[in-house]
Structure formats: structure tokens, C-alpha cells
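Beneath this line is the structure, given in C-alpha cells, with notes to follow.
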């Protein structure tokens, strides 16, 4: 029995599963001693042995099946991984993959293939596959270059198309300013109060600002030169001081100066203007309410010009400042006004076009620093490509010239108005051609003075003669 126990198949199976030990550990020691006692073989024991053998065979078969299924699964996983890697390699090669993977593939092909002809065929096939990719890339690059060229041409076309809108955007505020000045000058010139406000500059002349022949300073060319020289000297000094402050970055002083100047213009000139308008319209108003309105008007103007405000509010206050300044300068004598306009137009040429002119230096400094100039400048569109800037002095002197024409005859007003707009259009055309800062005063002022002279000496007498003769054209 000992030999039978040694050859007992319940000891270990082929896969190392100790089935017999697991069975024996569940039995008690008494059971083990009983089994270890010698007994005769019986058919039941043989049947039990057969059952045990069948169980062992079934377990072995199950283990073999599990191993086979595991092997099949591993082979499937390997095949799937290979397919994935091959797909990745194919996609990588189709998109212009790295040369290292291609080299490894070539080495594997060379090691597997025995003939040199097959290697040559593979190399030629790789070259033939890579050539269309290069041709496609070259074609794509050519298409991109053509599209870029088309884009540049399109930008140029758009800039030319926007030129008309740019002209309209700057002509509209200039026209509004001039028409407002003409309206208020004509309205206030018919009132006796406005004539009394001009008495401090006119001695014995008419209420139109020295157009009569008896005025002391109006017909004196020397006196007009002196007054115009004083005004021009003030303009030069303030411009040079402005450039120096901006050059040395004294921005706090510069903004304080601008705040004070705008407050003075809106406060003093606004007070005089509104008093004249209230008196002309015969509207009573107490001093407290008037002071409150002027204070709010001035503070809102400073905030609207230099602080955060809507673009239309900013533009509105710039137009109001131009109107107030032009109306206040209209009280100067006739010869003084024309002398001042000519001298300022010539100075504008020097200041903008001269290599060391103050305005040219100011523009160059702002371009170098990529900063906006803190000045009273009218902008058509902030932050846009079609942004035009026109100084507030240009608005003032345009309006001053047409206000002087309004004191003579309406025919002078229309002719001067058309001349000023024509000069402004020519200036903007030169700006589009030369693409640099240009003076806006010379062409418009000289054309305006020329048309004013022709209208005053030829057109106005002709219209008056036709009116007296009752001939209407």
C-alpha cells in the first residue's frame, strides 16, 4: 500500500494545483489514520480511483483549455497591437512622419528579404511615394503666397474705398462748426447788446467788427500787423512750451495746463455767449441758476474732452469750443483778422513741414513712443484704421474766416464755405498720397480769402444790382 500511496495521482497535478493536499487538509487526523490502515481492494475503491482519475483528467483538460484560451487572447492582443502600430506608422508616413521609423522599417525589410532587387524596388517605391507629397507642399506654399498677395491688394482697395467715408467724416463736423458760427454771428449781429460788447475793440466803427471806414485800428495795416504779430507770438511760445513739456514727460503739468485752458474757454467765453443769447432772446434767468449751469457745463466739458466719455460727447464739446473761440475772435477788426489768418497759415507750413518745426518734432516724438498726443484734436474714429485727426485750431480759423464773410453778405458765405471745403478735400487727397502729417490751414485759408475777395468785390455788387433792377436769376 505504501507503493500505491507513493504512486497516488492525488499528490500533484501537472499545473501544480495541489488538489490532494486541499482535500486532505479538510479531513480530520482520525480519518487520515483510518485511510492509512491496510485494507483489501474492493470494487468501490476501484470505482473511487476511477472517479479520481476522471476528475484529475478533467482538471488537466480545463487547465489546458485555459492556457490555450490565454495563449489565443495573448496572440489576439499582439495582433491588435501590431495592427495599431502599423496603422500609426502608415498614418505617420502619409503625413510626412519621422525618418527614424522609415529607417527601422528599411532595416527590417533588408533583414527579411534576401534579394537586392526587392530592396531596390522598395527604395524606388518610397521615392515615388514621397515625390507627390513634396509637390503638394510646394503647391500649397504657392497657393498661400498667392492668397497673401491677394489680401494685400484687397487691403489697398479697401483703403481707397474708405477714403470717401474718411472725407465725409471730417467734413461733416467742419461744416457744422462753420454753419453754427454763421448762425450765431448773424443772429447776434442784429442785436444792440452784441454791438455794445464790441465797443472795446472798435472805436467809431460799425457793429460788424470794424468793417466801416472810420474805424481807428481796422483800416490801419500796420496796427493789424502788430496785433497779428502779438497773437502769432503767443501761438509760437505756447507751441514750443507744449513740445518741451511733452519731450521731457512733464505730463502732469501738461494736463493741468490743458484743463485750465479748456475750463477758461468754456467758463469765460461760455458766460459771455450765453448772456448775449439770453439778452437777445429776452429770457430772464437768476444768477444762481446761471452760475450753476455754467459750472456744470464747464466741468462736463473738461471731463468729456480729457476723461472717459462717449465719442460723440467728446466731439460735441470740441465743436462747442471751436464755435465759442471763433465767435470771440470775430470781434477783431477786419484787417487784423485777414492778416492773422495769412500769418498763421504760413506758420502752419513751417511748423509741420520744416525738419525742426515744433509740430513735426511733436508728431515724431509721439510716433517713437507710440503714444497719443495730449492735445485738443478732433478724431473721426478712435481705434479704427480710418482715423483722421484735425487740430482744433483748424476748426477755429476756418470758422473765423467764414464768420467774417457772414458780416458782409450771404453770397460771400457760400463762396467761402465751398472754397474752404475744397481746400480741405485737396489736403486730405495729399494726405492719402504722401501718407504723412500735413498742414490743414494753407490751402483752405488761401482759397477762402481769394473767394472772399472775389465775392465781396464782384459777386456781391452784381447780386445787389440785379436785386435793385428786379431781375432774378
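Start at 1 and count along the chain as shown; that gives each residue its number.
The backbone N, Cα and C atoms fix where each Cβ goes, and this holds for glycine too.
Feature annotation from Swiss-Prot assigns region 'Disordered' to 1-141.
The compositional bias 'Low complexity' feature in Swiss-Prot is assigned to 54-72.
Taken from Swiss-Prot, the feature transmembrane segment covers 165-185 (among others).
Taking Cβ pairs closer than 8 Å, the transmembrane segment (225-245) reaches residues 217, 251, 253-254, 257, 332-333, 336, 339-340, 343-344, 347, 351, 358-359, 361-362, 365, 375 in its own chain, all 6 or more past its ends. Annotation source Swiss-Prot lists transmembrane segment at 225-245 (among others).
The transmembrane segment feature in Swiss-Prot is assigned to 253-273 (among others); the stated evidence is sequence analysis.
Beyond the transmembrane segment (287-307), the same-chain residues lying 6 or more positions past its ends with a Cβ under 8 Å from any Cβ of the stretch are 255, 258-259, 262-263, 266-267, 270-271, 274, 313-314, 316-318, 320-321, 374, 376. Swiss-Prot lists 287-307 (among others) with the feature transmembrane segment.
The transmembrane segment feature in Swiss-Prot is assigned to 309-329 (among others); the stated evidence is sequence analysis.
The transmembrane segment annotation in Swiss-Prot covers 335-355 (among others) and is backed by sequence analysis. Residues 209-210, 217-221, 223-225, 227-229, 231-232, 235-236, 239, 329, 393, 397, 400-401, 404, 437-442, 445-446, 449 of the same chain lie 6 or more positions beyond the ends of the transmembrane segment (335-355) yet place their CB under 8 Å from a CB of it.
As annotated by Swiss-Prot, active site applies to 348 (among others), with the evidence given as similarity to another entry. DSSP classifies residue 348 (active site) as helix under the three-state reduction. Around the Cβ of residue 348 (active site), the number of neighbouring Cβ atoms within 10 Å comes to 23.
Residues or ranges marked as transmembrane segment in Swiss-Prot (evidence: sequence analysis): 390-410 (among others).
For residue 394 (active site), the same-chain residues 6+ apart in sequence whose C-beta sits under 8 angstroms from its C-beta are 440, 441, 444. Residues or ranges marked as active site in Swiss-Prot (evidence: similarity to another entry): 394 (among others).
Counting residues 6+ beyond its ends, the transmembrane segment (414-434) has Cβ neighbours under 8 Å at 163, 166-167, 170-171, 174-175, 178, 388, 398, 401-402, 405, 440, 443-448, 450-452, 454-455, 459 in the same chain. As annotated by Swiss-Prot, transmembrane segment applies to 414-434 (among others).
Stretch with the largest number of CB pairs closer than 8 A to the transmembrane segment (390-410), among 165-185, 253-273, 309-329: 165-185.
Sequence-distant contacts of the transmembrane segment (309-329) (same chain, six or more residues past either end, CB-CB distance under 8 Å): 173, 176-177, 180-181, 184-185, 188, 262, 265-266, 269-270, 272-273, 300-301, 303, 337, 376, 378-379, 381-382, 392, 395-396, 399-400, 403. Counting same-chain residues at least six beyond the ends of the transmembrane segment (165-185), those with a Cβ under 8 angstroms from any Cβ of the stretch are 273, 277, 315, 318-319, 322-323, 326-327, 330, 378, 380-381, 386, 388, 390, 395, 398-400, 402-403, 406-407, 413, 417, 420-421, 424-425, 428.
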